[in-house]
Amino acid sequence: MSNNSNNNIKTYYIIGIITLIFIVSAVIKNQLSSSNQEQQEEEEETDSMGKSKGRGNKKGKKPEKIQEKKLDNHLKNLEKVKLQEDFKLQQDEKQQLKKEETILVEKQEIVVDELKNKKDEEKQQQQQEEDQQQQQQQQQEEEEEEEEQQEIEEDEEEEEGQEQEEEEEQQEIEEGEEEQQEEEQEEEQFSMFGVSIERLMDFQRQEDENEGSDEVEESSKVPIVLSFMLDRIKNLNGFKTEGLFRVNGNLKLVEQLATEGFDPFSDDLDPNVNTWASLLKKWIRDLPEPLIPHELNPIILDFCTNNNINNTCNNNNDNNNNNNFNVCASTNNLGNVLNLSTNICNNNNNNNNNNNNNNNNNNNNDNNNNNNESIEKKITNIINMIKSDDHRNVLYKIGEFFGEMLQEETVLITKINVESLSKILTPSLFKPNNIIDDFSNGSLNGSGNQIPKYLTTLDLPSILLKQKKEIAFVSCLLNYFKDEYSKKLQEQNDQEEDNQEEEKDNQEEDEDEEDKDQEE
């Protein structure tokens, strides 16, 4: 805008100069024309005066005429000289004016040329500016097009990336769904019964890792199903139920719970404590590898032989036992038959006279008192020989449960003592040797981890008779855990007493301080 305004001012200035030149030239021409007219008028007047004087001289004297003529001639000469001078002046002025006109014209031409040059330069500048603007616009348009193209390419890349991510996410979702389905299928196929303790614990640890729980609680060292069954028996007042583990629950329901599983948070669980006690025995009995491994059987037998431990059913009632087993011959489930057989054995023991029982108990107590420390150490060593930590943890968990159950105040209610409980648990803890040998030789078509259900009861009398030493060891094991629980209770009681004494001492000290403060 500033360049355009300056150019306009210059053009107006040049136009003004040109108009002034034309005005000056017009004025000079008018002056020249007016001077020419004056000269003509003077000449006419002189002519008229000469004529009038000539006429007068003709009438006067001749000398006057001559003088007049001389004067006239002199005047004429003067006039001519004057006219010549005036003419020269006029010519000079005309030449000067022409020079000035030529100078003005030249200046005008120069100015016009300058104006043209300036206009041309301005046009060139404008053209250059327009060209530059066009180039800039083209560059901007090209850059914008490139940016748009880049944005389009980036959008396409993003869309491709998003599509790839969506495909990957879809694949991950599908893989996750497949894994979830596989896990669900595995969970559906995975049973808590008839499965090794190691596999149960691996599955449980995997679940804990998936949930992100790093802390290892005491209850998580054993299978959840075991902890639940033990807690369920306690919560249903099992320790206040007479005949616990001797009286069977609903056997069909036990089999159904073991086969189909159960929801521990359901409100429709069976409230009968005997059902859960039977389910616990079945879980122990169905373990592929017994809770006390087979390789420890020779050590256990040597332990029972060297310590003269005998805690079997009364041999005088063998015939009655055989007759009673024949009553159960129609039952196909070995677990149920074993439970019934232990009931018969316990009933026979209860029918023995009190004198024989007292004598046996006194003898056992004497032997236990004499060899208590050595037997306790040997049992501890045998338990420590179990290589699997998971097996040891499960054995201690079950032992702690039965140790609490065998406390004197509980035995008075349940009527289940160490002797009767050892006979109930032995068939579940120790699989009979003849069946184990048949399994190892492949002579029985079992599943490999459970005793076949089609096995009849005809072999049970001989099986139980062969487990006398195992029953004796289980009796020692139960006494061991009973004493351990008693020690634990005693420690807790001592700790509580110590805490109470400390509280009393603290209270007395506080009272003494208050008394001192009051006295002061």
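In case you wondered, yes, glycine gets a Cβ from its N, Cα and C as well.
The feature region 'Disordered' is assigned by Swiss-Prot to 33-73 (among others).
Residues or ranges marked as compositional bias 'Basic residues' by Swiss-Prot: 52-62.
Sequence annotations record features per position, and here Swiss-Prot assigns compositional bias 'Basic and acidic residues' to 63-73.
Summarised by DSSP class, the composition of the region 'Disordered' (121-189) is 69 helix, 0 strand, 0 coil. The feature region 'Disordered' is assigned by Swiss-Prot to 121-189 (among others).
Among the features that Swiss-Prot reports, compositional bias 'Acidic residues' is placed at 140-189 (among others).
The site 'Arginine finger' annotation in Swiss-Prot covers R246. Under the DSSP three-state reduction, R246 (site 'Arginine finger') is assigned to coil, being neither helix nor strand. Residue environment of R246 (site 'Arginine finger') contains 21 other Cβ atoms, counted within 10 Å of its Cβ in all protein chains.
The region 'Disordered' annotation in Swiss-Prot covers 348-373 (among others).
Look at Swiss-Prot and you will find 489-520 (among others) tagged as region 'Disordered'.
Per Swiss-Prot, compositional bias 'Acidic residues' is recorded for 493-520 (among others).
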DSSP-derived helix, strand and coil totals, residue by residue, for the compositional bias 'Basic and acidic residues' (63-73) | 11 helix, 0 strand, 0 coil
For the compositional bias 'Acidic residues' (493-520), what are the DSSP-based totals of helix, strand and coil residues?
-> 27 helix, 0 strand, 1 coil
